[in-house]
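*Asks:* My questions will all concern the structure given below.
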């Protein structure tokens with residue numbers, strides 16, 4: 001993610017960086033021996049007891065990094081998050097970064113890793129982008145163990161009368177594998193189970209991932225797992241994990257995955273990397289436990305949420321902040337000139353050419369996201385993530401627009417310069433935290449009806465005119481009300497490329513209607529997913545996957561990761 | 001596995017044991033800081049450089065622990081392996097244990113863990129039996145990434161002309177899940193891949209697991225992965241991973257999994273737990289690298305191979321020892337009175353009753369395995385793994401038979417007494433190593449034809465009269481000869497319950513014919529699997545899986561594992 005003209009790749013820059021032993025960070029953070037478990041020399045897991053031990057300590061300020069609607073390459077939100085954390089440290093502020101764990105699927109496929117870029121990366125990037133400390137594998141295992149338990153229950157007599165046609169629970173793999181999107185299982189006769197249709201998602205789309213990221217502690221993890229609705233009986237009544245009796249075993253499988261992981265940035269700023277739910281089918285933020293521990297260990301916590309402010313930030317503020325009962329101190333909205341030009345109508349292959357007119361038009365996308373953050377009552381700074389291809393005229397146009405409209409703005413060069421490239425941004429963030437009003441208020445109350453909640457998000461966050469529901473969705477609302485599920489928050493599943501539910505409508509669409517196609521109850525996680533359009537929960541591989549370039553030296557060093 | 005009348009369960013005994021920090025073992029073994037990576041306080045990974053650093057050091061003696069044909073509950077081979085290692089330590093001998101990593105499938109299903117039992121366990125048993133250091137998850141990921149690459153290749157134009165009906169490569173999960181044995185994938189139209197039949201195995205049955213356990217170093221790992229045959233083209237020619245171009249990425253995914261794991265027994269004897277290929281479809285031994293490192297670090301290495309001597313030991317001696325170019329120093333043959341009575345015709349629910357006559361008859365099973373080890377030219381000791389239910393008469397009968405026939409024998413009580421219960425066994429093993437002839441010779445030469453190799457195993461190891469081949473198997477032999485695969489060793493896939501290929505034929509069957517149903521080329525691992533009868537490569541769950549009893553305390557401690 002970031003400048004592409006630099007001769008060094010991310011992995012080359014990363015492998016030329018001298019890491020300090022993680023024990024040094026542990027000591028600097030005043031963590032005790034019982035608070036940590038080392039995973040090699042540069043990774044550690046933090047014990048949940050740390051939170052309990054530090055419960056009376058004042059929390060640090062939580063800064064959310066979000067973005068405009070991205071291009072397929074992303075806007076460098078992770079890079080800005082890491083760079084901003086590093087900048088705080090250069091200002092001698094005790095800052096900690098909290099980020100999501102990357103999924104192997106996109107790493108091996110097209111997108112590359114998700115550990116920042118250039119001189120703003122979290123390290124060791126090879127480990128973090130591959131298996132890391134095994135959290136995602138544990139989630140895959142717990143998810144698929146539950147699937148096996150469900151099919152075994154049906155095979156062994158089906159006391160709960162689970163309807164094989166109404167199973168919601170899917171299997172998962174942490175890979176991009178389109179061939180597993182739609183499968184039939186249980187074939188081959190009586191000894192091989194009950195034949196039925198099934199589907200595989202990528203692991204980060206699993207409800208277990210969302211649960212792990214919202215759980216407060218082990219009892220809460222078990223409570224949420226127990227209430228997962230895996231499907232319906234022949235009598236159309238919900239069947240939960242508690243009905244099956246496996247909440248203990250599934251929680252046991254996650255007993256280490258729930259512990260946050262401590263690593264460092266290239267400038268040795270502490271970073272807690274933990275959990276990584278998809279920002280479409282789930283809420284798209286690192287774990288609540290990671291954010292809470294970071295707030296106990298640092299004076300400033302820099303964290304991010306997936307995709308643009310219409311998806312990640314909305315869910316961070318409505319779901320994660322609500323469960324965690326915390327108030328963010330400020331929001332950073334990342335924009336790139338390249339993406340704003342795209343929102344202004346420039347075709348993908350012409351984004352490298354200067355186009356001030358298109359930029360001026362595309363700015364309305366940024367403007368909408370600023371309005372959204374204002375609607376939540378939060379102070380903000382716009383961070384322009386500078387690319388080498390950006391022209392002076394373009395940069396000036398964007399800065400001028402921000403200044404004329406009183407939007408705090410900073411041109412950041414964290415990819416190229418690390419923390420130094422984000423010093424002004426850090427200073428502005430500190431300034432707005434200290435001197436601006438913070439009237440953080442969620443846009444809806446959970447007691448509002450499902451339709452009221454969705455209308456509020458669609459109008460205020462997306463700028464839509466109205467919301468339509470398919471017949472199926474209408475029917476589901478009635479069912480969910482009957483089951484007592486209507487007081488959960490809403491988790492919108494929508495394209496990340498547009499403020500609307502149509503990926504083609506760039507810029508700032510107006511007068512549009514959002515169509516809710518279907519709902520998915522994520523009762524374990526504690527939200528109702530509202531699906532608009534087709535949401536991809538199992539990506540495919542491109543013709544030439546990134547994996548073709550990956551290798552390892554005879555001494556065991558990774559090559560070709562980026 | 002072991003005595004069931006003891007009031008304490010394995011996990012209770014384990015959790016009442018005070019572990020020493022793994023750093024203490026590291027120091028005692030004279031390992032350097034660069035040789036190890038800590039995984040928490042009680043686990044460490046050993047760097048492959050350790051082997052290089054110690055290459056001029058003399059190797060320790062390798063002792064193989066094998067068994068008679070087991071009952072479904074197993075004969076306590078792991079328990080004896082751990083107990084024997086502990087006994088060596090009590091005798092002030094520098095001993096190291098090398099064992100396989102348990103698979104989660106059986107742990108959550110029926111069998112329970114595979115970390116020994118009673119006072120002869122490797123610890124921390126909760127970690128080892130669950131995700132451990134993530135090796136098996138890395139293998140699952142590499143296996144399934146390759147499957148995704150194959151299906152993506154077909155979807156994206158199929159330049160290699162892979163015949164979707166002739167794909168050998170299966171997907172895997174480290175779970176017991178019968179519903180995934182036979183599946184159809186790629187359904188749902190053009191964007192979701194090419195529809196085809198597929199199958200899931202349990203991860204420990206993956207060829208990647210066998211490869212990891214036979215690779216000498218990272219270049220050898222990549223070499224073996226590159227030559228995996230994933231299927232055939234429409235022209236019926238083999239297609240390899242090298243043809244697809246993913247050997248680099250797949251090796252990268254295994255760069256940490258190939259490092260052996262150091263833990264400790266209940267008496268703080270060092271144990272290297274690494275790799276765990278099935279003993280039916282694969283060769284059933286811990287990794288060669290683990291055994292090699294153990295031999296550099298200890299004067300005695302106690303290691304095991306899966307199932308009875310007809311399966312695990314045969315493959316240990318013909319496949320692993322050949323690849324590793326080492327000569328075992330001695331063999332321990334574990335027998336239980338319970339299993340010998342079963343071989344003598346006693347029904348499962350009457351095994352708790354004294355039956356000296358049946359025992360006397362069942363001893364012929366033990367006798368055959370002794371003959372096999374003698375045929376390999378190796379010295380041996382029979383270890384009777386004593387259970388509380390064994391009567392004095394029964395024990396005396398077995399001891400007398402061994403003594404009258406000049407078979408070194410020791411009554412061991414390692415489950416109940418730990419190392420102390422295996423002192424005599426350890427002394428006898430040292431004695432036969434020092435004073436017996438060791439004329440170790442493989443029974444066949446790899447240059448022999450496929451049929452010659454199989455006939456030799458069937459006659460000398462199983463006691464069969466002859467070998468039959470199905471028409472399919474005959475056709476495959478011709479094909480394999482054409483592809484140049486006939487000089488690989490044979491990996492027999494056979495029921496573990498009988499010396500024959502029929503699980504019903506207990507004791508010492510004679511005059512039987514072994515039928516080779518089909519071959520499976522494991523070209524990456526470097527052997528040809530010969531399948532007799534139906535071999536289960538994806539177990540199912542019982543009606544009440546062990547997982548129903550598992551849980552975790554609010555403080556994160558495992559319960560209900562056994």
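Using N, Cα and C of the backbone, Cβ positions are placed for all residues, glycine too.
Okay, so TrEMBL annotates it like this:
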type	residues	note
BINDING	B:71, B:72, B:73, B:74, B:75, B:76, B:77, B:78	ATP binding site
*Asks:* Quiz question: given the binding-site residues B:71, B:78, which has the greatest number of C-beta atoms lying within 10 angstroms of its own C-beta?
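*Replies:* The residue with the densest Cβ neighbourhood is B:78.
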*Asks:* At a 10 A cut-off on CB-CB distances, which of the binding-site residues B:72, B:74, B:76 has the highest count?
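*Replies:* Max Cβ neighbours within 10 Å, all protein chains included: B:76.
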*Asks:* Within 10 Å of each Cβ, count the other Cβ atoms and name the one among the binding-site residues B:73, B:75 with the highest count.
*Replies:* B:75
*Asks:* In three-state terms from DSSP, label residue B:72 (ATP binding site) for me.
*Replies:* coil
*Asks:* Name the residues of the same chain, 6+ apart in sequence, whose Cβ is under 8 Å from the Cβ of residue B:77 (ATP binding site)?
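*Replies:* Correct list: B:65, B:66, B:67, B:70, B:304, B:334.
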